[in-house]
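Colleague: The structure under discussion is supplied below as structure tokens; questions concerning it will follow.
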Amino acid sequence: MDKSIITSSTSLFALIISPFSSVLADRLGRKHVILYADILFIAGALLQAWSSTVPIMVAGRCIIGAGVGAASFVVPLYIAEVAPAAHRGRLVTLNIMFITLGQVIAYIVGWAFSTYGHAETGWRWMVGLGALPAIVQGSMIAFMPETPRWLVKVGRSGTAKEVIRRVNGDTLQHNADVIIKEIELEVRDEYEAQRLRDLRASGRWKWLGGWELLISEGRNRRALAIACLLQGLQQLCGFNSLMYFSATIFTVIGFQSPTLTSMVVAVTNFLGTVAALGLVDRIGRRRVLLYSIPFMIAGLLLSAYGFSFLSLAAGVNTTPDEPPATSGHEMAALTILVSIMVYVAAYALGLGNVPWMQSELFPLAVRSLGSGVATSTSWTANFVIGLTFLPLMDLLSPSWTFVLYACICGVGYFLVWRIYPETAGLSLEEATALLDDGWGVR
């Protein structure tokens with residue numbers, strides 16, 4: 001149970017902090033929220049390294065979770081608002097690629113410390129090193145510009161124009177004025193629409209503030225529905241449970257070195273994300289999802305088939321002294337490994353990165369709030385999955401747990417096909433206009 005609590009505490013605090021981070025991102029700017037997240041990462045990593053009891057470890061994980069909740073929503077938002085339209089999807093995917101690379105490095109570091117490190121202090125160095133990437137990122141983001149769309153929103157159009165020129169390069173300087181005018185027009189339209197809403201609003205709506213705008217307008221509701229669908233599906237498909245508990249799973253099915261086997265899965269995730277870099281802008285977000293989700297379903301069902309050949313002596317709570325897989329085909333474990341790799345590769349191509357392009361769907365006036373709510377959906381689902389995965393493996397059996405995830409993917413596939421429009425190659429203003437009069441699916 002301690003393992004589930006320590007794992008899920010990060011997701012819980014990410015869920016709690018995400019909505020508040022959206023308010024800070026509107027008030028203080030996207031860049032400042034990233035800096036605050038880095039401070040939380042450093043504090044959480046050092047507290048975990050210092051901890052000597054489970055409650056202190058959980059406290060460190062909660063601080064890390066707060067940083068994750070802020071960064072997971074604001075970094076894709078920052079990239080989406082800074083990047084040129086033609087490269088926006090690729091750059092958001094590049095962010096995910098570095099996250100998956102970090103997971104690979106974490107497995108390598110964990111394996112090295114568990115194999116060669118001192119039993120009493122090795123794990124402290126392992127968790128404490130988590131502060132290093134945050135220190136590097138914080139040092140670099142301090143010299144990065146604020147997003148032009150936030151600058152225009154707070155009345156700093158001149159600074160925004162300079163940022164656009166720096167980002168796009170000399171060859172596209174003549175487009176800076178056009179881009180600024182588009183953003184200013186959207187800001188003026190939103191302010192005028194808000195003024196009219198305030199005049200008409202009843203007392204029961206006024207207290208909601210930005211929530212009223214997010215909920216009352218059809219295009220914003222549609223954007224929120226799509227973003228929450230994608231973020232929820234990204235977690236409820238069970239992927240992060242496999243990443244959190246992959247070593248446990250591979251111990252259960254009898255691999256001698258579950259950490260190294262888990263590293264193979266992490267490398268597959270990284271390579272799949274690298275492949276997505278060349279696809280997400282070229283063939284589009286919608287098509288990437290519609291092509292990849294069926295392979296996820298196939299991988300999950302094949303895993304369920306592999307588990308059906310294994311008789312597990314003690315569920316998922318096995319010990320080194322008890323052989324976990326007491327009987328079954330010799331190829332069952334290999335079948336499960338291969339099927340999980342297929343599932344992970346397909347996830348990395350689509351659901352691993354496309355949901356984080358959620359900022360494309362929301363108008364500027366609700367972009368931060370809408371992205372924050374969608375990110376909260378992700379962390380809510382992540383918390384539920386992290387807390388229930390091991391109990392489900394015991395209660396339903398591994399086979400039926402994977403079948404359940406496959407069914408969720410099937411429902412998600414239908415909804416993506418039905419309501420998710422293509423936004424590749426469009427400016428943020430053009431992408432949000434797709435939802436003005438419907439779902440925008442063509």
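Quick reminder: no glycine exception, Cβ is built from N, Cα and C everywhere.
Feature list, courtesy of TrEMBL:
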{"type": "DOMAIN", "residues": "1-424", "note": "domain 'Major facilitator superfamily (MFS) profile'"}
{"type": "TRANSMEM", "residues": "6-26", "note": "transmembrane segment"}
{"type": "TRANSMEM", "residues": "33-50", "note": "transmembrane segment"}
{"type": "TRANSMEM", "residues": "56-79", "note": "transmembrane segment"}
{"type": "TRANSMEM", "residues": "91-113", "note": "transmembrane segment"}
{"type": "TRANSMEM", "residues": "125-143", "note": "transmembrane segment"}
{"type": "TRANSMEM", "residues": "223-247", "note": "transmembrane segment"}
{"type": "TRANSMEM", "residues": "259-281", "note": "transmembrane segment"}
{"type": "TRANSMEM", "residues": "288-311", "note": "transmembrane segment"}
{"type": "TRANSMEM", "residues": "331-352", "note": "transmembrane segment"}
{"type": "TRANSMEM", "residues": "364-390", "note": "transmembrane segment"}
{"type": "TRANSMEM", "residues": "402-420", "note": "transmembrane segment"}
Colleague: Six or more residues out from either end of the transmembrane segment (364-390), which same-chain residues have a Cβ under 8 Å from its Cβ atoms?
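Modeller: Counting only partners 6 or more residues beyond its ends, the transmembrane segment (364-390) has Cβ contacts under 8 Å with 3-4, 7-8, 11-12, 14-15, 18-19, 21-23, 25-26, 69, 72-73, 76-77, 81, 149, 153, 183, 186-187, 190, 194, 210-211, 213-214, 220, 223-224, 227-228, 230-232, 234-236, 238, 240-241, 244-245, 248, 316-317, 355, 358, 401, 428.
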Colleague: Suppose I define contact as three or more CB-CB distances under 8 A, residues 6 or more apart in sequence; do the transmembrane segment (56-79) and the transmembrane segment (259-281) meet it?
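Modeller: Not in contact, no.
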Colleague: Tell me, please, if the transmembrane segment (33-50) and the transmembrane segment (125-143) are in contact, taking contact as 3+ Cβ pairs under 8 Å between residues separated by 6 or more positions?
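Modeller: Yes, the transmembrane segment (33-50) and the transmembrane segment (125-143) are in contact.
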Colleague: So if I exclude everything within five residues of the ends of the transmembrane segment (223-247), which remaining residues of that chain have a CB under 8 angstroms from its CBs? That is, six or more out.
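Modeller: Residues packing against the transmembrane segment (223-247) from afar: 7, 103, 214, 258-259, 261-262, 265-266, 269, 296, 300, 316, 340, 343-344, 347, 351-352, 354-355, 358, 361-363, 366, 370-371, 373-375, 377-382, 384-386, 389-390, 401-402, 405, 408-409, 412, 415-416, 419-420, 432, 435, 439.
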Colleague: Please average pLDDT over the domain 'Major facilitator superfamily (MFS) profile' (1-424) for the predicted structure.
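Modeller: Value for the domain 'Major facilitator superfamily (MFS) profile' (1-424), mean pLDDT as a whole number: 85.
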Colleague: Can you tell me which recorded stretch out of 6-26, 125-143, 288-311, 331-352 has the most Cβ pairs within less than 8 Å of the transmembrane segment (259-281)?
Modeller: 331-352
Colleague: Under 8 Å for C-beta pairs, could you tell me which stretch among 6-26, 91-113, 288-311, 402-420 has the largest tally with the transmembrane segment (125-143)?
Modeller: 91-113
Colleague: Give residue numbers and ranges for long-range contacts of the transmembrane segment (288-311): same chain, 6 or more residues beyond its ends, CB-CB under 8 A.
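Modeller: Distal contacts: 237-238, 253, 276, 279-280, 325-329, 332-333, 335-336, 338-347, 349-351, 354, 397-400, 402-403, 405-406, 409-410, 412-413, 416-417, 420.
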Colleague: Go through the chain and flag residues at least 6 beyond the ends of the transmembrane segment (91-113) whose CB is under 8 A from any CB in it; none is fine as an answer.
Modeller: 75-76, 79-80, 83, 122-123, 125-126, 129, 133, 243, 259-260, 262-263, 266-267, 269-270, 273-274, 276-277, 280, 348, 352-353, 356-357
